Protein chains: 2
Amino acid sequence: MNIDGMKCSRCRKPAQHRLPSHNARFCDHCLGIFVRRQAEKAIKQFDMLGPGQKVLVAVSGGKDSLALWQILLELGYQAEGLHLALELGDGSFGEASLAASQDMAQRLGAPLHLMNMAELAGFGVQEIAWANKRSFCSVCGTLKRYQLNKVCLDLGFEVLATGHHLDDEAARLLGNLVRRHQQYLESQWPVLQGAPGAFAKKIKPLCRLRGAEIKSFAKSQGISVAKGACPRSKGATLPHYMDAVRLLEERMPGTTTNFYMGYLEDKGGPPPQPDPAQRCSVCGMPSYADVCTVCRFLANTAERESTKRDALQSPD
Amino acid sequence: MNIDGMKCSRCRKPAQHRLPSHNARFCDHCLGIFVRRQAEKAIKQFDMLGPGQKVLVAVSGGKDSLALWQILLELGYQAEGLHLALELGDGSFGEASLAASQDMAQRLGAPLHLMNMAELAGFGVQEIAWANKRSFCSVCGTLKRYQLNKVCLDLGFEVLATGHHLDDEAARLLGNLVRRHQQYLESQWPVLQGAPGAFAKKIKPLCRLRGAEIKSFAKSQGISVAKGACPRSKGATLPHYMDAVRLLEERMPGTTTNFYMGYLEDKGGPPPQPDPAQRCSVCGMPSYADVCTVCRFLANTAERESTKRDALQSPD
């Protein structure tokens, strides 16, 4: 749709997209150029990837990760996809996510690696959450970070890219400031350095782009994305911080970029590399304790399941 | 109005007020007790006033400063009022503010000192803003802080109290964090220490109370307040940060208190006392430079006015 006879800020053809925080309007073609340039700028600014480097993209099936995958290929990187299927208690959302990821792999002619959280962990997220008396979201997040890192290394990739964008990062920053999570604030940076055999390098090449900009890009490129939100996200607080940032951005355009990029500038550099020397005695992955959080989660779940089985088998 | 057959959390009589962030409901009487207790708690927690101490209350005519004045008297402090009339280009708001302040003085049987910004400064705020190419709000704020401090000392008071509440302070904190105003962050504390003949001690005894709690209190006490907002506040950014904090509080009750009080806790203590030794060579008040900001503002305004007069008088 053309916006009220407006012209593209770049080529003067009819504009389809309005970018208030850049005080710009773009046609489909020039929006693509803008989006790729912003991703490239982030990759250079934060030293994310070398020319043509191999990178694994965590592909959920949503607009951000699918757009990221395409952009990285267009910029000449060897980008393969990894879809980690979660069990969210609602078959249709999971199925749509997988289908959108597979469609994209076909469209891009790029390999997509498929993994299943329940198979990797041996239990469903819900069982693990119950056995450890934790919220679903916190367990899911911990398992996801652990498995994405492990699978990335197992597949021989040094770099893992995720589709987090400026609005995600600004909302997370706001939440960490409001709740004064000093530890999380210290590790907030669009690149986390890797260590061979321990940590994949984590990169967020969309960190300079607004969510709405990526949405417009995905739409203009005809990318078919999984609709809907995670059916388990009801208790999540991040959307509230995202709405607060959106309110400030609407009232004072440019606030999101100034806030997040300014914070990074003041901070000056990435957090120190984590120590990869200490390892979990069970799985061999890096861990602060003798047994890592995930292996503790799994051990507790195994114990609970066996108690349940015993209770069912023993006569009353 | 009674809220849906709910009972007061304190005395079990019908409740009139809901305080979601305290998970409480109060009748008029017990709301008064709660509000006074919170003010007393802030006064003790931050060492604002000694028993029965003399204090000057900056009274605008709005609910917060009028409620504060009453509360300080009820808590046994010798609280007198100071109304500094501003010229905001809209006679009715200024008149209503003055009338509400005078009504309150009569009701409380307490002295109200009346001052006029234009008389104190020699020029209207608008003329000073024009002559110094500054925004109205920034000039008004600078002049107000200067005059409130000076008048307070001239009247022989050591302490100046203002009606800033928790929502004001949390919004200011959020704005300073988002804009990374390190200097303002350092001076954000509910008490700023005084220095004889240079700085009145500045205190904010309502810093533990939400705006809505003070509004309910003012209404339940039948305090008549000046309605409306400053007609010049259109360009102000604080209301946006206030709305963002309100959004977070509505979604996650208790956020405002945890955010602001947690920040103060992490900070650990008040900012260092400003150096009162260096003085403005014109007015004798403390100043970082040889001539203080206000005296520079006034000199520029006088120069501009005399140029204007000359231009009018000289034949073409």
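Sequential numbering from 1, following the chain as shown.
A Cβ is built for glycine as well, from the same backbone N, Cα and C atoms used for every other residue.
Taking H, G and I as helix, E and B as strand and the rest as coil, DSSP gives the domain '2-thiouridine synthetase TtuA-like N-terminal LIM' (B:7-30) the counts 6 helix, 8 strand, 10 coil. TrEMBL lists B:7-30 with the feature domain '2-thiouridine synthetase TtuA-like N-terminal LIM'.
As annotated by TrEMBL, Zn(2+) 1 binding site applies to B:C8, B:C11, B:C27, B:C30. Listed in sequence order, B:P14, B:A15, B:R25, B:F26, B:C27, B:C30 are the same-chain residues six or more apart from B:C8 (Zn(2+) 1 binding site) with CB atoms under 8 A from its CB.
The annotation domain 'tRNA(Ile)-lysidine/2-thiocytidine synthase N-terminal' is assigned in TrEMBL to B:54-224.
Residues or ranges marked as Zn(2+) 2 binding site by TrEMBL: B:C280, B:C283, B:C292, B:C295. Counting only same-chain residues at least 6 apart in sequence, those with a Cβ under 8 Å from the Cβ of B:C280 (Zn(2+) 2 binding site) are B:P286, B:S287, B:A289, B:D290, B:V291, B:C292, B:C295.
B:C27 (Zn(2+) 1 binding site) is surrounded by 22 other CB atoms, counting those within 10 A of its CB over all protein chains shown. Around the Cβ of B:C30 (Zn(2+) 1 binding site), a 10 Å sphere holds 20 further Cβ atoms from the protein chains shown. Its Cβ taken as reference, B:C11 (Zn(2+) 1 binding site) is surrounded by 13 other Cβ atoms within 10 Å in the chains shown. Sequence-distant contacts of B:C283 (Zn(2+) 2 binding site), defined as residues of its own chain at least six apart whose C-beta falls under 8 angstroms from its C-beta, comprise B:C292, B:V294, B:C295.
Ranking the binding-site residues B:C292, B:C295 by how many other Cβ atoms lie within 10 angstroms of each Cβ puts B:C295 at the bottom. Those same-chain residues not listed among B:C8, B:C11, B:C27, B:C30 yet with C-beta within 8 angstroms of the centroid of the Zn(2+) 1 site C-beta atoms are B:K7, B:S9, B:R10, B:R12, B:K13, B:A15, B:F26, B:D28, B:H29, B:L31. For the Zn(2+) 2 site, the Cβ centre of B:C280, B:C283, B:C292, B:C295 serves as reference, and the other residues of the chain with Cβ at most 8 Å from it are B:R279, B:S281, B:V282, B:G284, B:M285, B:S287, B:V291, B:T293, B:V294, B:R296.
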